[in-house]
Structures are given as C-alpha cells and as structure tokens.
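Engineer: My questions all concern the structure below.
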C-alpha cells in the first residue's frame, strides 16, 4: 500500500561557524538536500541559494517536503563552498554534512547538529540548524515595494539596497523568510513585485509582528544595515497604489549617536494583497492532465546499435540507458494521464524510405498517429524503430520542443488549467542548434510546458547545464529572458547505481512547482474547481 502524505513540512536551514575554504575571502556556501528511500543510495532533491562570503549563512530558500508518518524519511544536508557555475558538486569544497530523519526534525521542531565529514568523523567546526514548520495555509501575499532617500553606505557610487523579511518564532527569535533582489547603485529603489506565503511571513496571523530590514549589499559579504521597521499584515494590507503605506527606515545605532537623526530613508508599500494559490494536488485532483511526450536521440555519436559499446545497444536482459530513463520517468508520470497514450519521437536519424535526416519523426512511423499505448508501447516502438533507421546527425532539439509547444499553445485556448505538457528528451551529447533551442525554450516558458533532459553516456553536458536555468534566467539569442525556468537536466551517470525510482524522483521534483507556477501566473483555475462555476 502506498504511503499517505500526512502534511507538508517546510524546512529552514542556517549554519554557524563553517570551515573557511576560500583563501582570500570567506566561503560561499549553499546547502544541498539529499533523500534516501532505498537504504543505500542518496539522491539530490533541491538546493538553497548560494550566500557569498559568509561562515554563518541563513538561507532564505526553504525545502518543502511531504511528511509521511509511517515511513523513515532519511535526509542529508550537505554544505558546499561553491566557486564555479557547474552543477556538479565534485569540483566544489565540501564543508560538512548532517544525516537526520524528518521525524527527528519535526519532533524537535528545531534541531542543531555538528557537521561531519563523509567518513562520519567531525568536520572540526561548523554546525547546522534545521527548523521545521507545518504548512497549513495556501494563502500568499503579493507585494510591490519601493524606497526613497535611503542612506548612502558606499564611498564610491550609491548604496545597493535589498530587503529582508523576518518573522518571530515562538521562542522570540527572528527567522528570515524572504530576501528581495539587489538594486544596484540606487537610493530610490523600486523592487520587482514578489510574493511570500502568508504562513512563511507570519504563521497566517494577521497581527503577528513582521520585521523588515534594508541592507546595502557588499561583494565581500559584509552587508551594511541601512535601517529597519516592524509592522503587521493588518497594517500592510491597507496599502494601495493610490494610498501607499509608508514606514520610516530606522537605524538604531545612528539614532542613538545623533540627536538630529530623523530616519535612514522611507520604505513605501504600494501594493499588498492576500490571494489563495492552488496547490499541485488541487490541479491534479481538479482534472488537470499531464501530457507526456518522449524524444530520443538517434544521432551517430551513440555508436552502432549492434555493438555492445553503443548507447543504443540493448543488453541481453533487455535494457539500456535510454530504456531505463523512459521506464523510470514514464512509470511515475503515466498516472496523471487518463488515456495513457503517449507520442514518442526520434531525432537525428535518416529515416526510410527517402533516408532524409529528420528531427521529429514518430518512432512508430505513423505521422498521423504518433501515440504509443502506455510506457510499454513507447518501449516497443523504440525497439521496432531502432533496426529500421540509420543513426546520423546533427543533434537538434528545437524541432521537437516546438512540436510539443504547438500542442501546449492550443491547450491555452481552454482558459482553465486543464492540460500541462512534459517533454522528456534523452540525448547522448553536445547540442548542435543551441541558439534555436534557446529561443524555443524561451517561447515554451510562456506555455503550459516543462522539459526534462536526461543525458546518457559520458559526454560533456555543459551546454545542457546552461539550458537548465538554475544558475539564472535563460536568454534567447534576441536577448529575451525566459519568464520561468522550465528545463531540468540530469546526467544519467549520477543514477547508474541508484534504485530505479531515484532518477524519476530527481527529474520530476521540479514539475509540481512548474505546473503551479505557470497556472498561478496566468490565474488559471482547475477545470473542476468550484470557484470556476
């Protein structure tokens, strides 16, 4: 029997007194959460943001986990000093880790442990604190904020201000829950609109005190406090564009030193609105279908399928990396598609009878009906197709992305959150049409669509990591920025010794938030939502 999710738990992470791995400055730490479902293999679930030049980081990005009462959920929090832009952690300095169960965290509510090395021995210094909160509320607060006449903290140029929001815990401590972007060189900044869950902001209590701090960002990590104010949601929600709610930004040290001190600037809340966001399960249970499409790389670099060295070689027990990826992801996602008919395409091969190179040919060779019956149908189409084509090239992604995008665009005519499209591309190597693919992804980001790329074999996948917008927004050659991150890339080699479900859990981890993010952005409700009627 499948485990029933009792509730969702939000984990907030901070560290103290970390090892200093950088010679000329302090470490730039981030926290990686790993999960263990099988007993031996750990797989990565999510990462916090990287905090520059800090040995005592407080991460604003939280981890949200389904809490299962009847399952021992093993978690590992790894702390790394990040000095480059690659996704791999092997080339970053490891500062220590902490293994713990979710049950231990929730029963403690706040757990502090010393960091240990991979061999289990103490890291020498550094501790991690994990705070747990149950998420009971899907209300979010939308903010528009600006400031004027902020103090200038910089000798050359002007301050680079950003805001931090803090809520007060039951024991009186302040916990940071949101950090805005930095506005460079500006004493009258206008921050981008942002949202914070009401639970994160004030536990859903409209009269709970909220502290807002304004800082001047410094590259060396020694951010200067410009000033602070305290308020409540009751006061904040009075704000409107015609009548903003304004707060004096007060620096207590300056006020005590200077009798004539008035303030360090004024922070203006132009808009503060509470709205309810549907959850992923609200959409799924409300009738949203996930449409799954597979794209398989049949380029020559895979090697002759009849040779055991080929990535397309099917072993005597009937598997290869392509088939494993199809099974792993497909078995999870098929439950969210009512008819279980999945289109499957190949690209980069010469196809009969003309032997022209195609980058979106149906693996069942039926252009009018490229659908396969279930995941088994995709596997059978792949096996049947392989001996009938000639592996060729180049490795072009954009045709198949644009193909699925056309269906996603048609679905937007329905005005409800009725369909979402997930494209799985399995590839062995370096992408050829990078500019066209970047443009295709930027276009697809405006549609109900996500792209999963699984890299098989041992090739250099740096271009794929570039498409996965985790390090910042992807741009089209035109300069247009993707409005959301829709690409998830993982190299298959990370999962070669993992249980079969680990790959799917990793690549599908971001899908729920991408689904919710899209439908919330366009204010689309589930088809069966009572509010629609």
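Numbering starts at 1 and runs along the chain as displayed.
Glycine is treated like the rest: Cβ placed from N, Cα and C.
As annotated in Swiss-Prot:
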BINDING   22, 81, 83, 93  Ca(2+) 2 binding site
BINDING   22, 28, 81, 83  Ca(2+) 1 binding site
BINDING   154, 160, 216, 218  Ca(2+) 3 binding site
BINDING   154, 216, 218, 224  Ca(2+) 4 binding site
DOMAIN    1-115  domain 'C2 1'
DOMAIN    124-247  domain 'C2 2'
DOMAIN    291-513  domain 'VWFA'
MOD_RES   14  phosphoserine
MOD_RES   197  phosphoserine
MOD_RES   243  phosphoserine
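If you look at the structure here, what lies around each of the features I listed?
Structural biologist: Around the Cβ of residue 93 (Ca(2+) 2 binding site), the same chain contributes 21, 27, 80, 81, 83, each under 8 angstroms and 6 or more positions distant in sequence.
The number of other CB atoms found within 10 A of the CB of residue 28 (Ca(2+) 1 binding site), across every protein chain shown, is 20.
Secondary structure at residue 154 (Ca(2+) 3 binding site), taken from DSSP and collapsed to helix, strand or coil, is coil. Under a cutoff of 8 A between CB atoms, and with a sequence separation of 6+ in the same chain, the neighbours of residue 154 (Ca(2+) 3 binding site) are 160, 216.
Summarised by DSSP class, the composition of the domain 'C2 2' (124-247) is 9 helix, 59 strand, 56 coil.
Counting Cβ atoms from all protein chains shown, residue 14 (phosphoserine) has 17 others lying within 10 Å of its own Cβ.
Same-chain residues at least 6 positions away in sequence with a Cβ under 8 Å from that of residue 197 (phosphoserine) are, in sequence order, 135, 137, 138, 139, 140, 141.
Counting every protein chain shown, the Cβ of residue 243 (phosphoserine) has 9 other Cβ atoms within 10 Å.
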Engineer: Checking the contact step here: among the recorded positions 14, 28, 243, which have a Cα within 10 Å of the Cα of residue 218 (Ca(2+) 3 binding site)?
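Structural biologist: Of everything listed, nothing lies within 10 Å of residue 218 (Ca(2+) 3 binding site) (Cα to Cα).
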Engineer: Given the recorded Ca(2+) 3 site (154, 160, 216, 218), which additional residues of the same chain have their Cβ within 8 Å of the Cβ centre, ordered by sequence?
Structural biologist: 153, 159, 161, 217, 223, 224
Engineer: Could you say whether, by DSSP, residue 14 (phosphoserine) belongs to a helix, a strand or a coil region?
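Structural biologist: Looking at the DSSP assignment, residue 14 (phosphoserine) belongs to a strand.
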Engineer: Measuring CA to CA, name the entry from the recorded positions 14, 224, 243 that ends up nearest residue 28 (Ca(2+) 1 binding site).
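Structural biologist: Checking each of 14, 224, 243 against residue 28 (Ca(2+) 1 binding site), the shortest Cα distance is to 14.
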Engineer: For the domain 'C2 1' (1-115), what does DSSP give as the number of helix, strand and coil residues?
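Structural biologist: With helix first, then strand, then coil, the domain 'C2 1' (1-115) has 7 helix, 52 strand, 56 coil.
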Engineer: How many Å lie between the Cα of residue 14 (phosphoserine) and the Cα of residue 243 (phosphoserine)?
Structural biologist: 37
Engineer: Report the member of 81, 83, 218, 224 (the binding-site residues) whose C-beta atom has the most other C-beta atoms within 10 angstroms.
Structural biologist: 81
